[in-house]
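Participant: Please read through the structure below; I'll follow up with questions.
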Amino acid sequence: LPLLLKATLLRLASGSYHPFYNGFYYNHIMNDNDDGQDKVDYFNGARLVVETSKDPVYSYNGANVTLPCHYHFEPHLGPKRKIRIKWSKLRDDYTKEQDVLVAIGKTYMAFGDFKGRAHIRRASQHEASLVISDVRLKDDGKYRCEVIDGLEDESDVVDLRLQGIVFPYQPPRGQYRLNFHEAEQVCQDQGAILANFNQLFQAWSEGLDWCNAGWLADGTVQYPIRLPRKPCGGVHLAPGIRSYGPRHRHLHRFDAFCFSSALKGEVFYLDRLAGLTLEEAKQSCQDAGAEIARVGQLYSAWKFLGLDRCNAGWLADGSVRYPIVTPRANCGPAEPGVRSFGFPSKGRFGVFCYRER
């Protein structure tokens, strides 16, 4: 036999070769008896079936959510078995997974940002549902529920979507000044994250029309057009999401599309008769037991709390904006939205403050 084949057979015969790997090996660490001895698993003749929700599961920032997952055997197996369960979060391109949690029996371990926030719900014998508490913006995405019985391994995917709002963002220094990493940072600074394509598409379907290209979370650059026009790809193209495709994350510069979800607190407006400078605005919010609101918080309050104010106010990034739910005279265009005065270098306005509940 060829030398390589002989070496492979020797490894198999030695018992030290692990024939399958999906995040952890089936060795003495994982055996049911925990007696320090390797255990040989054989197929049991029953088919393992794993099922999750076919519809997306919707949640929002700060909430608790359950991602359903159940499994069974065909035909049914009588004795209770010790099953391994693994939850992973998928990237949009499915090229890499983020470990969320692994569980064996009643023992489980959560990883990374999910430590202290994730556990398995066992309301029934064959349940493997994942419970995530204090949902965060970056929890949005697809999750794989993987069930392992010996050498049998089946999985299914469930989609967690956060209810939120996408808003385009330009920094004070002007249009197309952000590389990918700077775009990530400015969104975080505004209480948001870079939007993904699904979130941008949802915003487009709800009416977002924006002719400036911006970064998305996957490193692509795109923009949503409802009304085709010459400067925005041409009048003969159908409405939709225009894409520049992936761009160099360090060298290329565009705007950003940020995503923010529902708020844990409230946004409120303060003013003085003579108005406020930006520094006075920040201090006024602190005096009220709050902080000056960020752009993402104002958009969220407008969308989810119905904040409607026809008075311009400072925000934390030095911009001046105001939210309109019910368009009316002297309050800007005929459509609802968050109006912007840009980044005035001087002037006196009110201020939007944010306070946790």
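Note that Cβ sites are derived from N, Cα and C of the backbone, with glycine treated the same way.
Predicted automatically and left uncurated, TrEMBL annotations should be read as such.
Sharing the record's features from TrEMBL:
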- 1-15: signal peptide (SIGNAL)
- 46-158: domain 'Ig-like' (DOMAIN)
- 165-260: domain 'Link' (DOMAIN)
- CYS211-CYS232: disulfide bond (DISULFID)
- 266-355: domain 'Link' (DOMAIN)
- CYS310-CYS331: disulfide bond (DISULFID)
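Distances, neighbours, how buried they are, the whole picture for these features please.
Facilitator: Each residue of the domain 'Ig-like' (46-158) gets a DSSP state, and the totals for helix, strand and coil are 6 helix, 62 strand, 45 coil.
Mean model confidence of the domain 'Link' (165-260) amounts to 96 (pLDDT, 0 to 100 scale).
Of all Cβ atoms in the protein chains displayed, 14 besides its own lie within 10 Å of the Cβ of CYS211 (disulfide bond).
Residues within less than 8 Å, Cβ to Cβ, of CYS331 (disulfide bond) and separated from it by at least 6 positions along the same chain comprise CYS310, TYR322, ILE324, ARG339.
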Participant: Would you pick out, from the disulfide-bonded residues CYS232, CYS310, the residue whose Cβ has the largest number of other Cβ atoms within 10 Å?
Facilitator: CYS232
Participant: In the domain 'Link' (266-355), how many residues does DSSP put in helix, strand and coil?
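Facilitator: Helix, strand and coil residues of the domain 'Link' (266-355) number 20 helix, 26 strand, 44 coil.
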